[in-house]
Structures are given as structure tokens and as C-alpha cells.
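What follows is one structure encoded as C-alpha cells, with my remarks underneath.
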Amino acid sequence: MNVYAVDNRRDWKIDRGSEAVASPTKVYLHFGVRTEVPKDTRVAVMRQAGGIIACFLVVALLPFLSLGDIPKPPSFSTGGGSKKDKLKTEKLPPCKACTVFVNSFRDGIKRTERAKHDGGDAAWEEERLGSYKTSELRLVEIQERLCTDVVRGEDQCHQLAEDYEAQIEEWWKTHQTTHPDLHRWLCVDQAAVCCPDGFYGPNCDPCPTCFGNGKCKGNGTRKGNGKCACDEGYTGDNCDSCTEEYYQAFRDETKLLCSRCHSACAAGGCTGAGPNACRVCRSGWVMDSTRGGCVDVDECIKEAPCTKQQFCVNNEGSYSCLECDKSCDGCNGDGPDLCEKCATGYELRDGMCTDTSNEKRNQYATFTRYLTYLGLCIATCIVLQNSTWLAALVGLAVAVYISVSEYWLNTAPQQPAAPSPRILDEILQQH
């Protein structure tokens, strides 16, 4: 029998009765069959075993790792960034951007209006360093947080802060008192990107009045054509007339008021208020040839459009179908007193369909109660055949039970039935 040994440096084949001979390959004994494994194959097997061991170690240590330790893969967004980033980088028109910048600067002025110098002697600091209201320190504090509160066009606002830095310092030092309106001084006079309110275009031409019923296109900016964008119900170059579905309710030299025509009027318009002033009638209305104007069509009388279990209600220009009361089998209106016929389980009493199911239940309960009394009396008679005294006691108990039950049932308060609407109407007419 041969014995095979494995050395870390070399592989030896040991044969009993012979000398040790070096072998270039490892020899394994597997089920009595000698197998020789090449060196390259052994290296590959060892690498695979090492990979399996590394995987087991990662799985074992995974519960002890926090999600924050695992690097996140880079995200690829096809939408060009989040909504906040889009608003931040949004490009505003020149006048709008300047207005946003000035509003942010005004917010900084409000934020620092109650501040003062940081030293302990405020009076000395006011005398030596000047008023904090117009100090350079306050200007620096405003500029540090400038545009941080802007939602749309923040990047553009920061760029304007750099571009207008010299103008802002000049206004702060010399024009803050003489020109308190920073927007007018900076955006209108210096940067020339806006116009005063009521003016438009490159030359800041005056806007039309639009009769107070519209807005001038380009008002307050260096853009626009100055034409009127009329409100609803108004038309014309100066918004000085009413549209078809409106009529003139008031007018003077400077003001026009247009009101909507009645709902009965179609696209032809009207001459005044109400359905009688319509020129053309809508569907559900007809033109009255004698008086003029539109008259509502009563579809409930003309067409009878509702089902048997519904009743019709006429509306202006239309109608509605409402469900009958549950006590009715066909009806002419709402309520159990307007039924054409009473439904199953209801009877006509005092001109009103009344539910009779409770009465039938009471009759059944009364019959069952009397039957119980009869059973107790029969049981007493049976006991009497065996024991007179026991029968007397049972009979006394049965008598007390029957008496108390009947007394309680007969003296229980009962709510009076509500009178029908017809009876109420008759009572009111009598008085």
C-alpha cells in the first residue's frame, strides 16, 4: 500500500520499502483511486475558495453596517434637476429680475431696522461711528443675506447684486434720503429696465386708461405695445364697450359697467336685465310674441319626462326628477300625502300613506303574550294534580306575573301620531 504526503514546499511520494521520491504534482487518494491535480488547477480552486469565504464574511458583517456607510451610486436625472433647482436658475425678464432684487434688498432693510452697533456705549458709537441706519456695517449685513429668500431666479438675483454693487453703495450713502424709492432710482432711472406705473415701452410712453376695465400691456416695463387687455365682458381698443352676452348697466365719461345677461338669453345678447330683455332665447325658453322676451318652458307639464317612482320639478330653463317617498307607489310630489297609491306595507289613513308593519308586529306580539299566559295556566293545572299547595303557589306567581305585565304594557307612554299635512292645512285655514 502506498502512502501519499503533502508538503508545503514540495510534494513527496512515500513508498514503503523504497526511498522518498520528489513528485512535481500533488497526488490525492480518493476512494482508492489515485488522482493527480495540475498546479494551475490548484491555484484556480484556491481562488474560488477565497472568493466564497469573502462573500460569507460580507454577508455576516452586513447587519453591522449602516446604510450611510454604503456609497450611493450617482443618479442620472433626465429631467434636468429638481423643481427647486429649475426655479433657482430660471431666467426672469430684466424688469422682473430687477424688481425681485430690490424687494430682497427691502426685506433686508426691514430685517435690520431695529438693530444697532454691537458696542456697549450706544450713544458714543452713534457720535463717533455715525448712525447705524445709514452705516456701512448695516449695508454689509443686508448684502450678506441678499437674494437668499428668493425662490424664482436666485442665481440671476446674485448676479444683479454683483452688477449693481456700485449703484447700491451710491444710493445707500448719498441718495437714501433724497430718493427713498429704490426701485424707481435703480430699475427705472439707473438701469433703465423698468418704467413707472402707468407707462410702457422703451421710451416709457403713457398707458391708455382702459376705462378702468383692463390692463395696459407692458405696464411698468420697457416691453409691450400699450394696448388694453380687457376684463371679461368688455371689448374695444379702450375697453369702452360691452361684449354680446353683457349689457351696459352704467356709463359716464370715465367709467363703464357691464353686467351679464340673464341665463335665458342666448348668444344674441340682451338690451337690459331680466329674461324680458333677451334678443334670442336659450334652450328651455321660448320667445313670448305678445310681451316680448323669454318665457320658461314647463317640461313637467309638456313632456312628463320622469319615471313612475319620480316626480318632476320645473327649473328655469330645465327640470329635475326627484324620488318619491318610500310609502308611495307613484306620486305627484314629495311626501307620503302626495302618493298616487300606497306601496306594499302602507295603508291610506287621513289622506296619508301610513306604515302598517309596526301594527302587525304588535298584533303578533300580543298573540304570543296571551299564548304564554295560557301555557302558564295549563302548567298550573298539571301541578294541581300532584300537589295542592305547590299548585297554589305557582298559580299565585302566574297571576302576579300576568297582572304586572298587563299593567306595565297598558300604562306605557305612547307618542301621539303626527297629523297629516292636509289636516294641518285644514286647521290653519279654520284659524
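Residue numbering: from 1, along the chain as shown.
Glycine residues also receive a Cβ, built from the backbone N, Cα and C atoms like all the rest.
Keep in mind that TrEMBL annotations are predicted by a computer and have not been checked by a curator.
Remember, predicted model here, so these are calculated numbers, not experimental data.
TrEMBL has this to say about the protein:
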type     : residues      : note
TRANSMEM : 49-67         : transmembrane segment
DOMAIN   : 203-240       : domain 'EGF-like'
DISULFID : Cys230-Cys239 : disulfide bond
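Around the Cβ of Cys230 (disulfide bond), the same chain contributes Cys210, Asn213, Gly214, Gly236, Cys239, each under 8 angstroms and 6 or more positions distant in sequence. Of all Cβ atoms in the protein chains displayed, 23 besides its own lie within 10 Å of the Cβ of Cys239 (disulfide bond). Confidence in the domain 'EGF-like' (203-240), given as mean pLDDT, stands at 94.
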